[in-house]
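Following this message is one structure expressed as structure tokens.
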Amino acid sequence: MSVGCPEPEPLHSLPCCGPGAAPVPGAGVPLLTEDMQALTLRTLAASDVTKHYELVRELGKGTYGKVDLVAYKGTGTKMALKFVNKSKTKLKNFLREVSITNSLSSSPFIIKVFDVVFETEECYVFAQEYAPAGDLFDIIPPQVGLPEDTVKRCVQQLGLALDFMHSRQLVHRDIKPENVLLFDRECRRVKLADFGMTRRVGCRVKRVSGTIPYTAPEVCQAGRADGFAVDTGVDVWAFGVLIFCVLTGNFPWEAASGADAFFEEFVRWQRGRLPGLPSQWRRFTEPALRMFQRLLALEPERRGPAKEVFRFLKHELTSELRRRPSHRARKPPGDRLPGSLRLEAPGPLKRTVLTESGSGSRPSPPSVGPVVPVPVPVPVPVPEAGLAPPAPPGRTDGRTDKSKGQVVLATAIEICV
């Protein structure tokens, strides 16, 4: 690798499913071979930081790195420098995330990266545009949800981001509010971020350790040894759960598995075996319920494409119940599933993270405590004006879990080996 060169290399496109992956027609992501690990990353000394960059503040940190908001002294341009600890990630995984993010940056609904990629002695580093309003999770009132107009603006943009990705045969695999960055708190401008788990359609991946409410049932059921083939349906499912969350301020279930009473009730409704609606779905209008039936179809092949939500957005999604305090604290008598002792609803939203056991994987964020020390922002010339993101906005990767004091770094967990 080149050492001490002041100019960053242009961003390269890398395999999204491991070394030597075959090209995907129309995918828009040029694929290289194992030589990707020989790509030049500029090695820079942290001592030069004050020469080019001003540290504004730390945006977040975790066991595998940190994110700093910096300003380039020459122009005042703000950017988020993302430091990934070398002891917690492989070079190929870091380069893959940067490459995929760059390849998708032509979409106005996907976070952009600056032409700044380098390494320090302890970290790999790249720069993203800064989203000043934080992430979508930050603005969702627990057990209340966002105003419907705000939700529709957000859903429209996310649908376009997913449609763009899926048209290139890429699957995000970690759709959730924490990975949607905001440029204003009314969701007039939002962008999808965090592509560390992104893989192309058909790529076979290992199952993660544990599940989160956004995880599709076929992923929950996949064997750890066999894994599963990546499909756009996992994004569509997570998109449906996300829409439920932003409208209600609650999860629909804790996990899409038979052990969850609320998911089982939903399954019975989807299969026409439940008279009436599950209690937590009664606030939605008929068009909204049809939308959820499509997005959350139990069989992946029956899920509609993400862009199908557009035809439902012209309708009201929630009824008058939406304007009342959450009525999900307890299920009404008679709504309990046979043989189930569980009465409490899944509860208000909380931040979620996936983990994978095995070398090279990124661990779950710590409850509290210091992170392995990482260098302060390193001087790299700011990109040309034409490459800089428009009026870059706030946090791109770091965030704090307000409910539990957890520090969460938004980089998605590496899963595919």
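All residue numbers here begin at 1 and follow the chain in the order shown.
Any Cβ shown, glycine's included, is placed from N, Cα and C.
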Check Swiss-Prot for me: it has Leu59, Gly60, Lys61, Gly62, Thr63, Tyr64, Gly65, Lys66, Val67 binding ATP, so pick out which one of Lys78, Lys82, Lys86 it puts in that same site.
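Among the candidates, Swiss-Prot records only Lys82 at this ATP site.
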Relative to the Cβ position of Asp174 (active site, proton acceptor), how many further Cβ atoms are located within 10 Å?
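Around Asp174 (active site, proton acceptor), other Cβ atoms within 10 Å: 29.
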Given the ATP binding site residues Leu59, Gly60, Lys61, Gly62, Thr63, Tyr64, Gly65, Lys66, Val67, Lys82 in the record, what is the largest Cα to Cα distance, rounded to whole Å?
14
Provide, as an integer number of angstrom, the distance between the C-alpha atoms of Thr63 (ATP binding site) and Asp174 (active site, proton acceptor).
19
On the 0 to 100 pLDDT scale, where does the domain 'Protein kinase' (53-318) sit on average?
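Summing pLDDT over the domain 'Protein kinase' (53-318) and dividing by its length gives 93.
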